[in-house]
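*Asks:* Residues or ranges marked as ATP binding site by Swiss-Prot on the basis of sequence analysis: GLN85, GLY103, GLU104, GLY105, LYS106, THR107, ASP492. If you look up Swiss-Prot, you'll see CYS819, CYS821, CYS830, CYS831 marked as Zn(2+) binding site, on the strength of sequence analysis. Swiss-Prot lists 788-807 with the feature region 'Disordered'.
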Amino acid sequence: MIGILKKVFDVNQRQIKRMQKTVEQIDALESSIKPLTDEQLKGKTLEFKERLTKGETVDDLLPEAFAVVREAATRVLGMRPYGVQLMGGIALHEGNISEMKTGEGKTLTSTLPVYLNALTGKGVHVVTVNEYLAQRDASEMGQLHEFLGLTVGINLNSMSREEKQEAYAADITYSTNNELGFDYLRDNMVLYKEQCVQRPLHFAIIDEVDSILVDEARTPLIISGQAQKSTELYMFANAFVRTLENEKDYSFDVKTKNVMLTEDGITKAEKAFHIENLFDLKHVALLHHINQGLRAHVVMHRDTDYVVQEGEIVIVDQFTGRLMKGRRYSEGLHQAIEAKEGVEIQNESMTLATITFQNYFRMYEKLSGMTGTAKTEEEEFRNIYNMNVIVIPTNKPIIRDDRADLIFKSMEGKFNAVVEDIVNRHKKGQPVLVGTVAIETSELISKMLTRKGVRHNILNAKNHAREADIIAEAGIKGAVTIATNMAGRGTDIKLGDDVKNVGLAVIGTERHESRRIDNQLRGRAGRQGDPGVTQFYLSMEDELMRRFGSDNMKAMMDRLGMDDSQPIESKMVSRAVESAQKRVEGNNYDARKQLLQYDDVLRQQREVIYKQRQEVMESDNLRGIIEGMMKSTVERAVALHTQEEIEEDWNIKGLVDYLNTNLLQDGDVKEEELRRLAPEEMSEPIIAKLIERYNEKEKLMPEEQMREFEKVVVFRVVDTKWTEHIDAMDHLREGIHLRAYGQIDPLREYQMEGFAMFESMVASIEEEISRYIMKAEIEQNLERQEVVQGEAVHPSSDGEEAKKKPVVKGDQVGRNDLCKCGSGKKYKNCCGIVQ
């Protein structure tokens with residue numbers, strides 16, 4: 001009954017039947033494609049491109065295009081895709097995952113949808129797990145695409161920007177997932193659009209899709225950098241701020257907690273640091289450090305806002321009074337307080353840009369993937385990536401013998417049995433592949449085999465090129481290969497002619513916590529209808545067994561008087577192992593889903609900033625955008641200084657001081673003018689005055705220079721604030737889980753606080769851009785500059801996120817050294833005077 005119901009409701013079977021009809025259409029075209037000459041076959045590419053411009057779609061072209069690729073593959077590669085490979089290609093073209101068993105020719109299958117989608121001219125990315133496979137596939141399958149008149153590029157980590165641009169400009173680009181992600185991040189840090197390497201993300205086919213979208217989903221790609229100069233600048237700024245007097249050199253509004261330099265304070269700073277104009281663009285960092293130093297001394301109070309504990313500044317939660325260890329103030333305020341209190345200044349390496357593979361690959365217009373094992377993660381692929389898993393039938397029936405697990409009482413008994421099995425099979429000449437979960441296990445088995453005099457190869461993921469050679473030899477007579485965690489995926493184990501009748505023996509030394517990894521190991525045997533055998537050896541001391549209560553089973557084995565050499569073969573134990581694996585997979589899926597929910601907060605913010613950066617880069621005139629920022633800044637300032645209900649309590653003097661100091665000239669806005677107006681009427685005359693001053697500034701220089709000046713200011717401010725914001729979000733994320741103890745949902749809290757921080761950053765960007773546009777003097781040799789030099793942090797091999805290391809620095813400037821502020825004078829005659 002269940003079997004009948006399965007057939008009726010089997011979605012996969014219905015998909016296969018539907019695709020079978022398309023395969024028949026492709027087969028029917030063979031008679032008209034086969035007689036074509038090489039030139040005529042190549043000419044089909046141009047014909048298809050023209051038909052696309054006339055309104056046909058890639059779906060309309062599919063049968064013909066696939067028939068053309070099949071014929072070209074036969075001529076160029078000597079390989080003719082089978083019907084099941086055509087099905088796999090259709091599934092990929094439709095944006096799904098093709099589950100094709102090992103040895104069924106996934107690489108050749110991918111050429112079909114790659115060719116079809118490359119006809120649009122928008123670019124197709126073929127994604128692999130390592131550069132060796134990318135180079136191999138680009139050179140082997142590239143011949144086929146080039147024969148048909150398409151261009152093929154390969155994107156490697158070692159390439160220059162120009163080489164990468166060329167690779168991405170090709171119709172088809174082969175690359176690793178890491179390199180694609182890093183290039184995307186780097187493209188959103190460049191200052192000129194000519195420096196971008198990637199085109200809009202159109203279509204990607206991911207090889208070993210489960211490895212990239214599931215196993216590596218929790219590993220973020222990070223570009224980090226270090227603000228080298230700032231540590232000394234905090235100390236100089238701190239020394240300078242100590243010399244300032246309240247009301248004379250700076251003004252402080254108790255209600256708004258706003259502190260700023262007065263005209264006298266600005267003059268004092270210019271004298272102290274030997275500069276002409278504090279608001280000059282080249283002194284952005286200095287002004288920022290002075291402002292934060294002021295906030296540290298005037299706004300932040302020891303034992304109220306923070307405490308000093310064991311040489312560190314620890315924030316005090318204003319609502320609960322609890323210490324918030326591990327949290328740091330953003331925008332350099334924390335370092336300014338460290339300078340104020342005389343503790344060591346920790347200048348952490350900053351995260352300049354970050355993205356997870358989940359969010360990177362979800363940006364593609366269409367995404368598909370192929371692997372031998374995806375069905376167990378079908379729910380995840382559907383919910384997160386909107387891709388269905390379609391299991392493609394094998395070309396020949398699988399005749400592999402998958403044996404029931406053998407369970408031993410102890411690890412020692414298990415390993416003895418494993419080695420004995422290997423030795424027996426080796427004597428008969430049968431090739432053996434031994435799969436281990438940990439490197440230590442592979443080394444232990446290697447030692448035991450060496451003692452028995454059995455020659456063998458060890459394979460772990462250290463050398464991709466050598467890895468392929470070892471895997472290629474793993475199917476010859478008498479070969480013994482030990483592989484850790486299925487290193488060597490992507491390369492087939494081909495059987496030697498003299499062992500075709502016995503096939504490969506695959507021995508698993510313990511169950512992985514994921515059924516998918518076990519299935520990958522099993523799938524190495526019995527490819528393309530070959531014979532083969534798979535056997536897993538388990539012990540009651542294995543981690544998975546221990547984790548899910550093997551004590552009862554062990555006690556039963558003791559009661560039955562079973563020793564280490566006697567295994568039990570029990571369906572009950574096998575079912576228990578499988579249910580344990582399902583539980584672990586469920587937990588891991590929940591963890592990845594939760595990561596995505598957190599990362600989505602930053603994703604939305606990242607998309608806003610990157611989109612605006614792109615617009616700035618491509619825009620010829622930013623004046624309209626900047627006027628909008630000035631308007632917002634003025635409206636916020638008016639609202640902040642007139643928030644009290646009673647008119648007498650409005651701080652009009654503070655508003656006038658703020659406007660004349662930060663945006664206009666002394667006397668441009670007068671108190672008596674504003675006092676006659678309601679708050680909603682105040683902004684208009686102020687904005688009119690700002691635009692008048694803006695127009696005056698425009699007349700002082702050629703238009704081209706003014707437009708470039710605007711871009712320099714916008715890039716400098718946006719990039720500085722955005723990198724500080726990412727860092728602050730990092731710190732928020734690290735401490736947010738502690739909120740769960742207070743019966744608060746950490747995710748909701750992270751979303752709310754993250755949004756508030758983003759809004760605050762946007763306001764800060766608008767205010768700072770307005771200030772620099774109005775106050776900075778424009779130099780002749782304007783140049784856009786990177787705020788911090790970024791460096792890609794490659795994910796560690798064990799999949800853990802690369803941790804940020806604090807860099808602790810003291811004052812390292814000698815009295816006779818050149819001053820770090822860039823004046824060219826000796827430290828003792830420059831910033832050293834202030835101290």
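Here, residue 1 is simply the first one shown, and the rest follow in order.
Any Cβ shown, glycine's included, is placed from N, Cα and C.
Not measured: the values here are computed from a predicted model.
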*Asks:* Record lists GLN85, GLY103, GLU104, GLY105, LYS106, THR107, ASP492 as binding ATP; longest Cα-Cα distance in Å?
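*Replies:* Site span for ATP, by Cα atoms: 16 Å.
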*Asks:* If the ATP site is taken as the center of the Cβ atoms of GLN85, GLY103, GLU104, GLY105, LYS106, THR107, ASP492, which further residues of that chain fall within 8 Å of it by their Cβ?
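*Replies:* Other same-chain residues near the ATP site: MET100, THR102, LEU108, THR109.
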*Asks:* By a simple count of other Cβ atoms within 10 Å, which of GLN85, THR107, the binding-site residues in the record, is least packed?
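*Replies:* Fewest other Cβ atoms within 10 Å, among the binding-site residues GLN85, THR107, is found for THR107.
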*Asks:* Taking the Cβ of GLU104 (ATP binding site) as the centre, how many other Cβ atoms fall within a 10 Å radius?
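*Replies:* Taking every protein chain into account, the count is 25.
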*Asks:* What is the number of other Cβ atoms found within 10 Å of the Cβ of GLY105 (ATP binding site)?
*Replies:* 19
*Asks:* Any same-chain residues 6+ apart from ASP492 (ATP binding site) with CB under 8 Å of its CB? Would you list them in sequence order, or say none?
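*Replies:* Result: THR102, GLY103, ILE471, ARG527.
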*Asks:* With H, G and I counted as helix, E and B as strand and the rest as coil, say where DSSP puts LYS106 (ATP binding site).
*Replies:* helix
